[in-house]
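Peer 1: The structure under discussion is supplied below as structure tokens; questions concerning it will follow.
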Amino acid sequence: MSIPKKPEGFMFTDDQWQAIFETDHHLLVSASAGSGKTRILVQRVIEKLKNGVNIDELLVVTFTEAAAREMKQRIETELHKTIQQARSEAMIQHFRKQLTLLPMAQISTLHSFCLKVIRRYYYLVELDPGFRLLTDETEALLIQEDVWNELMEEEYDASRPEFFQLLQNFSSDRSDEPVTEMILRVFQFSRANPQPDVWLRKLSQAYESGQSIADLPIYQSIIKPALVELITTMVNRLQRAMQQSEVEALLEKAYQLLAAEFEQLVALKEAILSDQIDDMYVRLTTPIFAKRYPSYRKEEVKILSEPIKRIRDEVKSQFDTMKEYFPYDPKVMGDLMRQSQPLVKEISRLTELFAERFQQRKLEKGLLDFNDLEHWTLAILTNEQADVSPQTFYRQHFSEVLVDEYQDINRLQQAILERVAQANPGNLFMVGDVKQSIYSFRLADPTLFIDKYDHYRQHQDGEKIDLRENFRSREEVLSFTNFIFEQLMDRKVGQIDYQDEAKLVAGATYYEDQSEFFEPEILLYEKENEEELAFFDTKAEGEIHLVAQKICQLLNNQQTILDRKSMTMRPIRYADIVLLTPTRGNHLKMVDIFKEYELPLELNDAQNYFQTTEIQVILSLLQIIDNPLQDIPFVSVLRSPIVGLTEDQLVTLRLAKRDVTFYQAFQVYLKNGTDDVNDPLQRKVQKFANQLERWRKVARKVAVADLLWLIYDETAYPDFMLGLPSGKQRYANLMALVSRAEDYEKTSFRGLYQFIRFVEKMREKDKDLVEPVAEMTGDAVRVMTIHASKGLEFPVVFLMDATKELNMQDLRKNYLLDENEGIGIQYLSSQRVHYATLPFVALKQVKLRKLLSEEMRKLYVALTRAEQKLYLVGSYKNKQEAYKKWLTVQYEEEQFLDEASRLVSKTSLMDWIGKTLVRHPKMQQYFEHAESIVKTIDHPAKFALHWYTAEEILEQRSTWFAQLHVTHPTLETAKEYETIPTVLQRRLDFQYPHQKATMTTSYQSVSEIKRLYQDPDDMEDNRYDWFASQEDKKGYRLVNQGLAVPEFMKTKRLDPTFIGQATHRILQHLPLATDWERVAFDAWLEEFYLHQGFPDDLIAAIDHEALWWFYESDLRKMMSLHADCVQREQPFSMLRQAKTIYHNFGDDDAEVLIHGIIDGYIEFEDEVILYDFKTDHISAAKTEEALIDSYRGQLMLYKEALQNALKKPVESVYLILLSQKKMVTL
């Protein structure tokens, strides 16, 4: 199909236009950062619809559910625009139909699509259709642990020698846990393959040693190319050093030495190229380099000699690296292969057995995990015995298959997509950017993208399109990024050549001309010696202080940037700034240091949730409720605010009986203690003993979440935490634990013991809960990892901790895994010495390249997040240390740095960046003898380099703190003096003027306050008792003091509140701009229930007739016409004088913060319409009039809050009574 001609002045580039309209074959779009990838995808879908395709005939696969939702929203917006522009009634009706079909359209993650395939064709693979998705990773880990433990017991009983040899080879001195970890990891790798069993059985083939090492595939495909690359670099480097010394007569001795060593390297290279393995090994084990390099006393000669010596040292280091390829005699290497093969076969056998048992256990429990979804879907699509082929059905049904983030799929996922897409003509549209493939931990395989990219260059069955223009960032950012990656990223490291097709091109024409401020800046903290550790606990703290000061400077100086919404220049705000980090390790330090500068900081992924004090206390309490004979958690609870014992009191308890557990000593003290109720220790101990006994009884009967609510209620621990520094965060953490317990109850595990085990597994596997965000400030500096930033953009970016050594932890194990190359192991001899096998040596190099390539791509992601200003932050011991690392490339002549300069295991992002920057002419001002750099690159990139010492940072900190904090008055400046007795008397006679304010909280929810507007007769169970005893007083806050309903009176029906919440969720997500018939409406509901995971009993309890009544109502139709004006589920907070809420409240100045969530409102240009849903039923005790009156006060608060926030009048307030199918105007 020919591509329509692009109209003159159209907003799309030629490449974008082609990506939108090209058809009739597979299409791979390589979309660089900021190139409008999502916009192109959406427009391509719209163009398909314009050509008569229905949206449910397209399969659009996204990487996340959030991306799928955004895609649907964008398509919906474009459809509305298209309807307004349509010229024929037929087209209008067609696009309205698409709006109707959009909620059911297959725009989702691949897992969601797989779920639909399985629900449609489950019978073909004999699956029980009543399965539940195993979405909780920790639940899966616990099931795996149970299965593995059972399997291990059987293997121990069987006493197979191969099994015990495996344990001996991989277990640690303390446990078999390393074996468990290895088998689970091999299992995960196998499951990313379309045929996991075949992949496992092939693992041992690499260990077949019946032939010469030179003939082994693993040697020819991996080891030899690496050796050739390395020796070529060494020869070239030493030759350059030799040539440099030759031209200097004063360096004759150095030249003679280098020439002899050069000759040896050339002979070694010849042995490698000709596959003379024995000769190569002899040369590797024979000293090539002289022990001493010639020394020179004269300064002018030393200056000439030092760069040459540095190159020689680098070559010597590379020679040591080369020796690691053949650590033993070739014959020994062959013997190791033969001896290791049974171990690898045993790994395969155990993994297959585990996979079979794990699958069986999941089926018994009616569970499918995400990996199962993919494998069962592939099994269905390849089923050839069905009367109707599922593969044929989907190929005929889908007009096109569009895949977003194609660089992040694996081989199994590709196999599924290929069986859904048509082959001839191809209808697979793939878009992504391999330079942003950073998910190897999810077993993403970027080589799939690269292979297709290369294939479509040379073959006609598909086409590739490069989108290079970046419409996000300023020229300064893009030019700097290009300068770095033009030297760093190629096929060898990075897995793609950063050449013309990959370089970023500035496409944003709305920025003003280049200016000095917008040039990227490198901020380096110089720690000259160890004594400066006294200033900051870690180097990271110095860097964080440096960044905080820079942010203060930006804000204080009113530095302006372009507001891309208004297209006007304005001062930088906190929300414009993001701090990107390699890991989350320093996030909490950032929180603490930014508080010192009074800088708002927003992060939602802080590490160590389980290590926060409040959570540790509650978890310790749960542990002793389950088993009190645990000293550490028991003492932790006694010392916590829940019990509140002092250290002396703990000693007293311990001395009650020394040779038993603390709990038993506690019981002894309780039994033998005094009866004096005024004894503080006796009172606390007795109270806690009663509580603990009651909680232990309750724990056997109720869910963990209910137990937590009981503990919170009886101890008021969350309220106590709320009063501490960072109280809202602590409170949010405690509430999140309840939510986690509720999620746990939905798993296949039950009970307190299993929940504790559940949490311990999360801790053990570092599956820490993300800290919930207590409050979103709106205008705050954001902190996130580089991974979390992917797909986002920010006006100002700080790349933090850029000198952190890259994580090469995976290379330190005694086994290595690769999805393509299999497994490499170290063999443990009878002398307890680990020997690296040839596959292990090969995979170590493969993994090193892949790890460093991914780190390089992470750097690309980080730099391309910046729209206007980019900072890179790091630290070195001093300038000399940094320049020494960077100048190792000074004699390199090619555009791309030597592979050896990049393939360094102990390196950092800043080391890479520095090696590129030293070749820029501007860098020559920063170090001596810069003229020795062989290749300088004339490039438009501009940047600035700044060094800071600890003293400078501390001095600047003092300056900022002096500006932030007001000095307290001294005695000399006081207006009057008081004698000590006068002061004491005044303090003793003091009466707090706001006593009643202490009897309420400073925070009330609208649902509590609304009771104040009810008839007093209806509030009997929630009345304020001003004259209650101090023990029972609840204060000026509405509370429910009624007794709990006895078990025998409870029915098994769902809580009406729960049904109401579910109904509200439906209405929150209900597509407004639609015109459905009842069938389509019900279909959307069914889809919604599936995605939300609503249980059947809840679905049955929801009033669907009421929902349909509202959908048909005039108000909903008005919302449809003004969908862009509708806001739903909007939280608000406002301050109100306490006396306007509480009767007889005497404090005129006291205020209460009221928080609530408004169901929805429609904001027009000059007025607002407010609406609120209620699901209450009318009864004899509650008439319709009484129901309306009970909510009148609540809605008046909503009205007041909206008018204050929007500065517009609320003209209409609708109370929507769903159960009565009635809309009341208040």
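Note that Cβ sites are derived from N, Cα and C of the backbone, with glycine treated the same way.
Below, the features straight out of TrEMBL:
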- 10-474: domain 'UvrD-like helicase ATP-binding' (DOMAIN)
- Ala31, Ser32, Ala33, Gly34, Ser35, Gly36, Lys37, Thr38: ATP binding site (BINDING)
- 502-791: domain 'UvrD-like helicase C-terminal' (DOMAIN)
Peer 1: Would you say which of the binding-site residues Ser32, Ser35, Thr38 has the most Cβ atoms within 10 Å of its own Cβ?
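Peer 2: The residue with the densest Cβ neighbourhood is Ser35.
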Peer 1: Taking the binding-site residues one at a time (Ala31, Ala33), which has its Cβ surrounded by the most other Cβ atoms within 10 Å?
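Peer 2: Per the Cβ count within 10 Å, the most buried is Ala31.
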Peer 1: What does DSSP assign Thr38 (ATP binding site), in three states?
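Peer 2: Note: Thr38 (ATP binding site) is helical by DSSP.
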Peer 1: Which state, by DSSP, holds Ala31 (ATP binding site): helix, strand or coil?
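Peer 2: Reduced to three states, the DSSP call for Ala31 (ATP binding site) is strand.
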Peer 1: Counting across all protein chains present, how many other Cβ atoms fall within 10 Å of the Cβ of Lys37 (ATP binding site)?
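Peer 2: Result for Lys37 (ATP binding site): 22 other Cβ atoms within 10 Å.
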